[in-house]
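Q: Copying in the features that TrEMBL gives for the protein in this structure:
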- B:T98, B:S99, B:F126, B:P127, B:T128, B:D129, B:T168, B:D197, B:H200, B:Y222, B:W252, B:T278: pyridoxal 5'-phosphate binding site (BINDING)
- B:K223: N6-(pyridoxal phosphate)lysine (MOD_RES)
There are 2 protein chains.
Amino acid sequence: MAWTLARLEALDREDGLSAFRDEFRLPEGVVYLDGNSLGPLPRGTPGRIAAVLEQEWGDGLIRSWNDADWIGLPARVGDQIAGLVGAPAGSVLVADSTSVNLFKLLAAGLALRPERTVILTEDGNFPTDLYVAQGLARHLGDRHTIRNLPPEALVSALRPDVAVLLLTHVNYRTGALHDMAALTGAAHRNGTLVLWDLAHSAGAVPVDLAGCDADFAVGCGYKFLNGGPGAPSFLYVAPRLQAGIRYPITGWLGHAEPFGFHADFWPAAGIGAAAIGTPSILALAALQVGVEIALRAPMRAVREKSCRLGDILIELVAQECPDRQLALATPREAAHRGSQVSFRHPDAYPVMQALIAHGVIGDFRTPDILRFGLTPLTIRYADLWRAVSVLRDVLESGEWRREVHRARRLVT
Amino acid sequence: MAWTLARLEALDREDGLSAFRDEFRLPEGVVYLDGNSLGPLPRGTPGRIAAVLEQEWGDGLIRSWNDADWIGLPARVGDQIAGLVGAPAGSVLVADSTSVNLFKLLAAGLALRPERTVILTEDGNFPTDLYVAQGLARHLGDRHTIRNLPPEALVSALRPDVAVLLLTHVNYRTGALHDMAALTGAAHRNGTLVLWDLAHSAGAVPVDLAGCDADFAVGCGYKFLNGGPGAPSFLYVAPRLQAGIRYPITGWLGHAEPFGFHADFWPAAGIGAAAIGTPSILALAALQVGVEIALRAPMRAVREKSCRLGDILIELVAQECPDRQLALATPREAAHRGSQVSFRHPDAYPVMQALIAHGVIGDFRTPDILRFGLTPLTIRYADLWRAVSVLRDVLESGEWRREVHRARRLVT
């Protein structure tokens, strides 16, 4: 049975998550399919930030480190995020950027496996994951080899020299979802530690770090957690590893007694040792608003809607845009996808520019990917109708061949 | 001639900087002498942040990376800060925390001097500077030695094995100011690179990085730059060093083509290679408001008022609090001080708690330091009268011996 706008509107009426959309400010006339690059603004964020600015900073001044418990905010929001990724309290901390956290944990992992010299990762992993590994290996005197392999070759590449398996749970281009439990188990049987990048997972797909016995993870605050542009990152360290860990960057807020101002570093107990410098309280407070929305949304319902949105988008594109050089780049089976659907098109860049000009905001990813993020808290089923109608019209009209769309540079 | 309130009020009437105070929100009934720990809220910040939230993030969504030039903000604010620290355009970037920037630049410095094995620094340097050096040395396999010496012993310790001299320009406890030109020159004659921590300098004292031929610097956004709690840090790399530098942490925003999503890292030209992950736009925008105020304040006038405030505070304490166990911990001569005055007292902690309870907010620094930050843009000469009157009354009354002041834990 063909998809129609009426059928999609009927799904919206039955959608148990539909009320969440009102918690976000979304501009009129836009279908926003890029919440996996920058999540939209929660309506509660401006008020919270105004209070942090005017009461906590303006009136409280330095006293707010205590009185508003700014000092506890990274661990408090970390504990909240732990509830989204299957981690116990005390295992997640908000700190720094994802890239810096990758560096901290990858270095810590290598230090735990001093006799091993290989970092195993995936072809097509997000660049910063690869770059951090490259920079770290060079920094450590080129003693380590970085092995990039296609996903299907990873398990058989787990040889005794592999110190750390560094993977992104959901691929940023294709949306392919790794089997975290299986890969972590295979790595552990080889004595290899696993560092999971949850950038496209946290708040989007079920994650069970403790259930998978994961070693390390990092994640992003500005995608599905809706923490705002450049929101701080989070990191996870399995409790069983926390006591023996050696972070490469040891800063004053990771000290056991930061306000003792001791000359020598000794680490805080637990996850607190992963803190380095003073965190931005504005950025943390904004992230907390987004996280608290995600905590109220049942993950089972989020995942079900995400899978359904993906299935419908794939079917609708097949229905409305046949013979338009669009090739599905995402696994067809929902169980193997994250919360996005991507298509390849030989002119993906100007096609996406034309879509954006018509108010359908997705993302281009080099070299040929049209990426559509599916954020179940804000996207209506009927939005897919409009998005695919615009895509169809753009492809039929050929307007994406016009210079204006080819020239505009989109940074995302 | 004794200081009187009338004399101080007369100075306020003549103060060419007095109008700047109105640009900040300061709570009623407080004398804030802790702007060197957390600068006060500029009145322009809430409006700027509301616009970033509602227009740029809320309405612009992902498009604001281009349309609001979020992507250029770290370099743009960096160029503004360059104007405060005597650095050329293209040599300063806002990024990460001070501690992370110390790590990046100290590691880069060691990599430029591979045959040398000593990091020379100062006894009593700010702990995070010491901790970062300790963590880095351990991370690099304990090939390096960290030598902590009293300030007067530094020059004679510049031997051929010293790779990097790591110093904080103004000491966080005593307020002592290093001679940047002389120390940098002495280090260079020894082939040693210098990394200056400007946490208590930028916006507070004249800094001439280019004139001193400094190699590296980091600085803090939340002290004299009034960027808000945990504001991002900045870093400086001398243009002559930028091309050959190897940062230990290489992230996607430091890539020459971040949106090419290449598998291999190659660094951006210039200072851009020091970027790592996605920066918080909220935090950057708040910092920019503070920096733009500092840029409008003539540094010569700021320094003159700062020195005068310090001289008066020292004289007023001598006048009002004789025989009260207060010992000046700061150099008596203004030319050798930053923008703070500190006193030692055997019960500094509860004394400071009592002062704060009476609305005079300074800082305690272990073990025995009462620290008073002097921020010429917000402090009136008459404020010193009130501060010292309260100090005198507290010390005379002995109320600081009461349990309430002894027990309260102040985190700053």
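Yeah, the Cβs are placed from backbone N, Cα and C, and that goes for glycine too.
Bear in mind that TrEMBL entries carry predicted annotations, made automatically and left uncurated.
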Q: Does anything in the same chain, at least 6 positions from B:W252 (pyridoxal 5'-phosphate binding site), have a Cβ under 8 Å from its Cβ, and if so what?
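A: Those within reach of B:W252 (pyridoxal 5'-phosphate binding site), by Cβ under 8 Å and sequence separation of 6 or more, are B:P258, B:G277.
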Q: On the Cα atoms of B:T98, B:S99, B:F126, B:P127, B:T128, B:D129, B:T168, B:D197, B:H200, B:Y222, B:W252, B:T278, which are listed as binding pyridoxal 5'-phosphate, what is the maximum pairwise distance in Å?
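A: Across B:T98, B:S99, B:F126, B:P127, B:T128, B:D129, B:T168, B:D197, B:H200, B:Y222, B:W252, B:T278, the widest Cα separation comes out at 31 Å.
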Q: Through the lens of DSSP with three states only, how would you label B:H200 (pyridoxal 5'-phosphate binding site)?
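A: Assignment for B:H200 (pyridoxal 5'-phosphate binding site) reads coil.
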Q: For the C-alpha pair, I'd like the distance in angstrom between B:T98 (pyridoxal 5'-phosphate binding site) and B:K223 (N6-(pyridoxal phosphate)lysine), rounded off.
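A: Cα of B:T98 (pyridoxal 5'-phosphate binding site) to Cα of B:K223 (N6-(pyridoxal phosphate)lysine) measures 12 Å after rounding.
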Q: Take the C-alpha atoms of B:T168 (pyridoxal 5'-phosphate binding site) and B:K223 (N6-(pyridoxal phosphate)lysine) and report the distance between them in angstrom, rounded.
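A: Checking the Cα atoms of B:T168 (pyridoxal 5'-phosphate binding site) and B:K223 (N6-(pyridoxal phosphate)lysine) gives a distance of 14 Å.
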Q: I'd like the Cβ neighbour count for B:H200 (pyridoxal 5'-phosphate binding site), meaning other Cβ atoms within 10 Å of its Cβ, all protein chains included.
A: 26
Q: Out of B:T168, B:H200, B:K223, which recorded positions come under 8 Å of chain A, measuring Cβ to Cβ?
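A: So none of them sit by chain A.
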Q: Reduce the DSSP letter at B:T168 (pyridoxal 5'-phosphate binding site) to three states and note it down.
A: strand
Q: Taking the Cα of B:K223 (N6-(pyridoxal phosphate)lysine) as the centre, which of the binding-site residues listed as B:F126, B:T128, B:H200 lie within 10 Å of it?
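A: Taking B:F126, B:T128, B:H200 one by one, the ones whose Cα falls within 10 Å of B:K223 (N6-(pyridoxal phosphate)lysine) are B:H200.
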Q: Can you count the other CB atoms that lie within 10 A of the CB of B:F126 (pyridoxal 5'-phosphate binding site)?
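A: The answer is 23.
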